[in-house]
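As recorded in Swiss-Prot:
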type	residues	note
REGION	1-134	region 'Disordered'
MOD_RES	SER41	phosphoserine
REPEAT	215-273	repeat 'WD 1'
REPEAT	275-313	repeat 'WD 2'
REPEAT	316-355	repeat 'WD 3'
REPEAT	358-397	repeat 'WD 4'
REPEAT	400-437	repeat 'WD 5'
REGION	539-612	region 'Disordered'
COMPBIAS	574-584	compositional bias 'Basic and acidic residues'
Amino acid sequence: METASKPGRDVQPKKARLQTKKKKPRRYWEKEATLTAAGASPGPPRNKKRNRELRPQRPKNINLPKKSRIPGKPQFPKKPREQRNLEPQRNLSGAQDPFPGPAPIPEEVARKFRRIDKSKKLPHSKSKTRSRLEVAEAEEEEISIKAARSELLLAEEPGFLEGEDGEDTAKIRQAEIVEAVDIASAAKHFDLNLRQFGPYRLNYSPVGRHLAFGGHRGHVATLDWVTKRLMCEINVMEAVRDIRFLHSEALFAVAQNRWLHIYDNQGIELHCIRRCDRVTRLEFLPFHFLLATASETGFLTYLDVSVGKIVAALNARAGRLDVMTKNPYNAVIHLGHSNGTVSLWSPAMKEPLAKILCHRGGVRAVAVDSTGTYMATSGLDHQLKIFDLRGMFQPLSARTLPQGAGHLAFSQRGLLAAGMSDVVNIWMGQGMASPPSLEQPYLTHRLSGHVHGLHFCPFEDVLGLGHSGGITSMLVPGAAEPNFDGLENNPYRSQKQRQEWEVKALLEKVPAELICLDPRALAEVDVISLEQEKKERIERLGYDPEAKAPFQPKPKQKGRSSTASLVKRRRKVMDKEHRDKVRQSLEQQPQKQEKKAKPLKARPSALDRFVR
């Protein structure tokens, strides 16, 4: 039997030969000790140990996660507060980040989202309460910084229309705007010729994707106005006075000649509310799920569409009601009357919350902006007025129009549209927080028929016009808010997302009893009720449990509890309390002197109303 000869000393085994041919992998953090020759392939030198000093060293102050005994269960180390502002960590390549940490936030941007006034000092309270207040303030500051940082993601900007040198934008026609914009925006301008069923009232859905319109001769239709896809089209064979979408585009209400009807997006009648008869105007409150109706009989009715019950039926005692709008800020209903007044209503009160004398004649139209700050009214005296709703409801500006405005509408960014006969004028202010300037119109458009309805489309620079000749979609640059909240009103939501949103909205429904002029008052402390409860408690117990107990010195030993020492200690405490009272009175004296130094105003005279 022959045996294979063993390899000699000079002959290497096959396995050893393969190992010598294999090159060591070169890491990208390793640096060459010497420059390689031209054309030579770079690589680590042979038969030399790897230089370990070139590898990045792990910082010593980093807490590594401990290995879990349970397989597959990740553990996340908690970062101590002291290590938040450490020096920037090195990358694997050993280079430092030239811009370590998050990008700085400008103070002006962070102040816009801040809800805590840092200028006010924290009250002197217990240490535990003070620590809680400090933690809450730190959390609010972090939230405001995150909100300011996320604002950078809102890349959309509002549009605008700017003329050339000295050019009046009111003279720019819609055809010129359509030629200047892109194809997608140009498709949003269209006309529907529906003369045989007019005049028309129209309304956009809350997300701004769908359009519902109803003609005076019974024609009712809804469509996706972006894609021009018709959802339903019916003829109710009865006069249609107003139409409104409910909380979504799946339901809409129609005020017909006799009763109020509710339809779905396929045109099927779901409900007929006979208690709401001879309705002239409709308004929907989305956060309360309330449908407000104004009728010829002078009643303002609130219908809860989530349970199908009448919440309140209020008699305005002002005759026929055909002028109504809502305040989006506090959900208060504004009614215009024939005596020139505008009344503000809430379902929790049987009497109006306030009455404003706006015109010498009857009120023809009322509109409130999205912030609830300004109200626009027009009357039979051909006056168009802007009122401030924050204080004493004083008029800010007024303008006499050649023809009285019969319809008014505010956009999301504060533009005011007024329909006068067959002409539509649009005014714009200096900014979103300023009222619209009535001196010079921003845009003007003439229609083929008399205007009977105005509504700005949410999140689109489009104004919907309903007139005797049909429907017109007008382009208004800078009218809408460019960025929308995807969790609140998402124009691109699917059917499942809409269903989930409906469930959440129903769970978060605001009760009708909470509608008031100032919604911030709900978060304030009811001092009157608190004092009344405290008084009743004192009468019931016979003493005040919260009153400060009189000072009782503690007994001491070794003769220090004698009568003289006890009296001395009581007197010392009384002197301290007296000094505190004197100090407080001295601090209040300068304020009283300043009030006395102010000159008293003269008594008002009956002739002051003639002074301009």
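Glycine too: its Cβ is placed from the backbone N, Cα and C atoms.
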Near the compositional bias 'Basic and acidic residues' (574-584) in space but 6 or more residues beyond its ends, with Cβ under 8 Å, are 551
Residues sitting near the repeat 'WD 4' (358-397): Cβ under 8 Å, six or more positions beyond its termini, same chain?
323-330, 334-342, 403-412, 414, 416, 418, 433, 435-438
Helix, strand and coil counts within the repeat 'WD 2' (275-313) (DSSP)
0 helix, 27 strand, 12 coil
